[in-house]
């Protein structure tokens, strides 16, 4: 799995003594060699025994297992990350399936809620509104100079938990951990950022330990100007950056994406990443059953930016399979808390309006004005049901059984995060459909045993998509993230499905294979970027070489001392 980094050229390091031990990207702890301990003034600062990284990882894993709950395990892993990043990623790589739910969803949600209470050490940048005139200076203060990927949030819509203020920083930190662990992007290239624009969470404002700006959220023109000041400063500091918008509220997420997607290399993971992994899963599910997505009808519970983003990708795939735009949109039903979205409902957002059903199309449904999800199941007869509502338990037994009455093999994706917000549990879905439902979830669930059969539950996790996209963008030197690049990522993921390959098991690949999956997605993304003129054309073998050259591995390099 790991190559010998001692065969690579040494790194020339200007730090020594305690300063070196306190630099997470460079610290080796007990693995510093005798020569390095002498050359870098480390003698006497470390125990005598010199260890390998694997020995360190084994000790760290034993310590990890000694903690009794996932929150304590999360804090422990973050402490390792803040003291020795190479060891952190070696440990995470060795136990990715076990540790992913601890370092990211669902545990990261609780970590965001408790951010100010569990705060240990600074990581990333906190850009606060009162400091809006000094953003350029703050970017210069970043501990990492050659930044290639930024994940930024304003903390307003953290998972399904709402406004967490600067506690939302846990999400960029977690996401970038996955860029490295799953996509091989060096941690030296990754910078988490939170835009502190205040919070409307009264509990945080009243908390004496809350570390953010104690002020109601700014909005409107003030907010737009502040975000733009940040974007322009980033472009000046790192003009070739890949910037990922993360967990912005619905009223800001799509407008920000539309404003900046043609100005710099950026994407919104909640809208586009979620859409890409969901579409890849749906393509795989349809292929496994010998059908096309364009032959299916799809119902959504949740018509926010994430749900509508998924729906638009589904429409694009249906059109690629031969349907007209109108035909594809007629097969998609968006349901929000007021019922089915039709063209007669007032005050729709622009992205919702494009997906609303004309009332003429459903004129023969024997229903009232507010058409419920259950009525959509009965009269729309969808084959696919996707939940992005953030509200638990809304896929009721009656809803699911009504769907199953009209569809022998329903595809049901309750995608809301964290686990406490899921629309239905896989065990219930499988039981209510007598084992016929093909289920994928947003949070991790254990396999389900039903009538002597074991059902592996795929986690429709964005970590299958965004690390590969990031690796592909960096390897190709792409200047934009386009819809076609995202579509190529979805199709590449579908090709990696065990079910599509005729194998037993999950709809999505095993996390143990994530490096191979990310490399393949990266190559398809890079090739598409080149075809669209967003990257310089190079032969396939050069793309492969660039992907490998940019794929960082958690191994210690040899150090040589130099001066600043």
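Positions of Cβ are set from backbone N, Cα and C atoms, glycine also.
The Cβ neighbour count for residue 104 (active site, proton donor), using a 10 Å radius and every protein chain shown, is 27. As annotated by Swiss-Prot, active site, proton donor applies to 104, with the evidence given as sequence analysis.
Annotation source Swiss-Prot lists NAD(+) binding site at 157, 270, 417. For the recorded site, residue 417 (NAD(+) binding site), the DSSP three-state label reads coil. Remark: residue 417 (NAD(+) binding site) has 105, 106, 109, 159, 160, 442, 443 as non-local neighbours, by Cβ distance under 8 Å and separation of at least 6 in sequence.
The Cβ of residue 175 (active site, proton acceptor) has 26 neighbouring Cβ atoms from other residues within 10 Å, across all protein chains displayed. DSSP assigns residue 175 (active site, proton acceptor) to a helix. Swiss-Prot lists 175 with the feature active site, proton acceptor.
Residue 246 (divalent metal cation binding site) carries neither a helix nor a strand DSSP state and counts as coil. Around the Cβ of residue 246 (divalent metal cation binding site), 29 further Cβ atoms fall within 10 Å across all displayed protein chains. Among the features that Swiss-Prot reports, divalent metal cation binding site is placed at 246, 247, 270.
According to Swiss-Prot, the feature site 'Important for activity' maps to 270, an assignment based on sequence analysis. The number of other Cβ atoms within 10 Å of the Cβ belonging to residue 270 (NAD(+) binding site), over all protein chains shown, comes to 26.
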Nearest to residue 157 (NAD(+) binding site) by C-alpha distance, among the recorded positions 104, 175, 246, 247, is 247
Taking the centre of the Cβ atoms of 157, 270, 417 as the NAD(+) site, the remaining residues of that chain with Cβ inside 8 Å are 158, 159, 160, 247, 306, 390
Cα of residue 270 (NAD(+) binding site) to Cα of residue 104 (active site, proton donor): how many Å, rounded?
-> 15
If you skip the near sequence neighbours and keep only those at least six away, which residues in the chain come within under 8 angstroms of residue 247 (divalent metal cation binding site), Cβ to Cβ?
-> 153, 154, 155, 156, 157, 158, 159, 168, 171, 270
In whole Å, note down how far the CA of residue 104 (active site, proton donor) lies from the CA of residue 246 (divalent metal cation binding site).
-> 14
How many whole Å apart are the CA atoms of residue 104 (active site, proton donor) and residue 175 (active site, proton acceptor)?
-> 7
